[in-house]
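The following features are taken from TrEMBL:
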- 1-43: region 'Disordered' (REGION)
- 1-11: compositional bias 'Basic and acidic residues' (COMPBIAS)
- 59-93: region 'Disordered' (REGION)
- 100-125: transmembrane segment (TRANSMEM)
- 141-275: domain 'SLC41A/MgtE integral membrane' (DOMAIN)
- 182-206: transmembrane segment (TRANSMEM)
- 212-243: transmembrane segment (TRANSMEM)
- 255-280: transmembrane segment (TRANSMEM)
- 286-307: transmembrane segment (TRANSMEM)
- 319-339: transmembrane segment (TRANSMEM)
- 355-498: domain 'SLC41A/MgtE integral membrane' (DOMAIN)
- 411-429: transmembrane segment (TRANSMEM)
- 441-461: transmembrane segment (TRANSMEM)
- 481-506: transmembrane segment (TRANSMEM)
Amino acid sequence: MSSKPEPKDTHQLNGTGPAPSPCSSDGPGREPLAGTTSEFLGPDGAGVEVVVIESRANAKGVREEDALLENGSQSNESDDVSTDRGPAPPSPLKETSFSIGLQVLFPFLLAGFGTVAAGMVLDIVQHWEVFQKVTEVFILVPALLGLKGNLEMTLASRLSTAANIGHMDTPKELWRMITGNMALIQVQATVVGFLASIAAVVFGWIPDGHFSIPHAFLLCASSVATAFIASLVLGMIMIGVIIGSRKIGINPDNVATPIAASLGDLITLALLSGISWGLYLERDDWQYIYPLVCAFFVALLPVWVVLARRSPATREVLYSGWEPVIIAMAISSVGGLILDKTVSDPNFAGMAVFTPVINGVGGNLVAVQASRISTFLHMNGMPGENSEQTPRRCPSPCTTFFSPDVNSRSARVLFLLVVPGHLVFLYTISCMQGGHTTLTFIFIIFYMTAALLQVLILLYIADWMVHWMWGRGLDPDNFSIPYLTALGDLLGTGLLALSFHVLWLIGDRDTDVGD
């Protein structure tokens with residue numbers, strides 16, 4: 001338009017009140033509105049368009065708005081100009097405490113039994129020669145098991161959010177999301193596996209002052225190969241779970257992350273044990289085999305980078321998503337150092353079998369909560385928008401656990417699952433005679449106290465961290481879960497070691513350490 005009308009000017013048309021502000025009918029994504037267009041001369045003689053919108057245009061605008069809301073659009077534009085009602089954001093899923101608990105229970109138990117199986121595997125392989133001679137492998141355990149938080153759970157949360165807001169509804173969108181995300185986690189797995197091996201070498205060298213080049217190459221080859229293969233297998237499983245969940249009407253946020261964890265610990269630990277043992281058997285030719293294994297997986301990196309860059313959904317994460325992954329790996333490695341120093345001590349018998357369980361359960365529950373909060377925020381806008389959704393910098397515990405909103409309700413449900421879940425898992429371990437330890441009443445009390453404190457802290461931190469990241473314009477799906485699961489590993493290992501130490505001091509440890 002050549003000029004703008006004065007704000008105070010109004011035109012009464014057909015006695016219906018003030019006309020809407022002049023607008024163009026050829027804006028992006030807008031069709032010409034039905035109505036009468038008249039041209040008046042402004043004070044400077046220039047033409048001013050006034051669009052008279054008839055009732056059928058209003059009805060059309062309402063229909064367009066409803067269609068946008070159905071497709072999960074976050075647009076703030078609407079063609080309905082006759083009322084004050086603006087386009088409402090997609091409403092979050094209506095879930096009761098019972099429905100949340102029912103959907104979470106089965107994946108939670110499945111994930112828990114997966115961690116129990118991983119604990120039994122670690123209880124067995126800790127006596128293998130490779131774990132006895134190259135003790136730094138224990139430092140790799142929490143770091144590589146934490147990959148499910150760094151990569152697989154982040155992938156599950158990212159895809160769950162995309163599925164819930166309608167970004168995986170067409171085959172083209174689905175294929176783009178799958179290829180981009182699978183290539184992304186292969187890049188991240190290779191890099192994180194390499195860095196985890198460096199951390200294991202450093203943490204192993206600092207206390208003892210001893211450095212072995214063959215052991216360093218063994219750790220690097222084992223870590224990179226384990227991370228790559230585990231991420232490939234688990235990523236494919238996650239995609240199938242999320243697609244299946246949407247087809248049968250289940251919220252993927254409730255089931256994807258626990259199922260990722262249920263198989264993640266077991267698959268990763270089994271791969272680490274098998275690969276490290278196989279490479280250890282070839283230690284006589286280590287100068288050829290170990291570097292060759294590392295070089296093979298590093299050579300594949302450019303292929304995965306190219307594929308990840310093609311997808312807009314993963315291009316940003318490829319460039320900016322490294323900070324949480326690397327820091328989370330470092331945090332988990334500290335937990336691995338604690339495990340390395342306690343697992344061989346007879347006073348801490350049972351640490352090997354119980355550590356994956358307590359770490360896995362805490363990480364699973366907080367990942368579900370973080371994914372749910374992130375989805376809730378995505379339904380109301382984009383990161384950095386809708387500041388009313390992030391009103392507090394540091395919420396009070398009462399707000400986190402006792403407010404009437406759906407996220408507080410899910411926090412209560414997840415917290416209440418801790419005791420019955422762990423009782424089932426402890427009973428399973430006892431029946432399988434794992435851990436070389438007797439489950440006394442005092443041990444169960446100390447163990448439950450550590451587990452409850454771990455989950456309580458994690459759920460509270462998740463409530464603050466997800467909202468804080470959202471307010472800073474960071475996508476919580478990519479940034480929050482790695483930190484939370486790594487903190488779960490550190491808290492779980494540290495609290496469990498403290499419980500074992502206190503039980504040893506009061507003389508309640510009845511151990512039967514054997515091979």
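Placement of Cβ uses the backbone N, Cα and C atoms for every residue, glycine included.
All annotation found in TrEMBL is predicted automatically rather than curated by experts.
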Cβ contacts under 8 Å made by the transmembrane segment (255-280) with residues that lie 6+ beyond its boundaries: 103-104, 106-108, 110-115, 117-118, 121-122, 125, 128-130, 133-134, 137, 140-141, 144-145, 147-148, 152-153, 155-157, 159-160, 218, 221-223, 225-226, 229-230, 233-234, 237-238, 241-242, 245, 286, 289-290, 293, 356, 360, 363-364, 367-368, 371, 481
Sequence-remote partners of the transmembrane segment (182-206) [C-beta within less than 8 Å, at least six residues beyond its ends]: 135-137, 139-140, 143-144, 147, 150-152, 155, 215-216, 219-220, 222-228, 230-232, 235-236, 239, 294, 297-298, 300-301, 303-308, 311, 314, 317-318, 321-322, 325-326, 329-330, 333-334, 336-337, 340
Candidates 100-125, 286-307, 411-429, 441-461; stretch with most C-beta pairs under 8 Å toward the transmembrane segment (481-506): 441-461
Within the domain 'SLC41A/MgtE integral membrane' (141-275), residues counted as helix, strand or coil by DSSP: 120 helix, 0 strand, 15 coil
Remote residues contacting the transmembrane segment (286-307) - C-beta distance under 8 A, at least 6 residues beyond either end: 179-180, 182-184, 186-187, 190-191, 193-194, 214, 217-218, 220-221, 224-225, 228, 279, 318
Secondary structure content of the domain 'SLC41A/MgtE integral membrane' (355-498), with strand meaning DSSP E or B: 112 helix, 1 strand, 31 coil
Tertiary contacts of the transmembrane segment (319-339), as residues 6+ beyond its ends and Cβ separation under 8 Å: 138-143, 145-146, 149-151, 188, 191-192, 195-196, 199-200, 203, 351-352, 355, 359, 478-480, 482-483, 485-487, 489-490, 492-494, 497
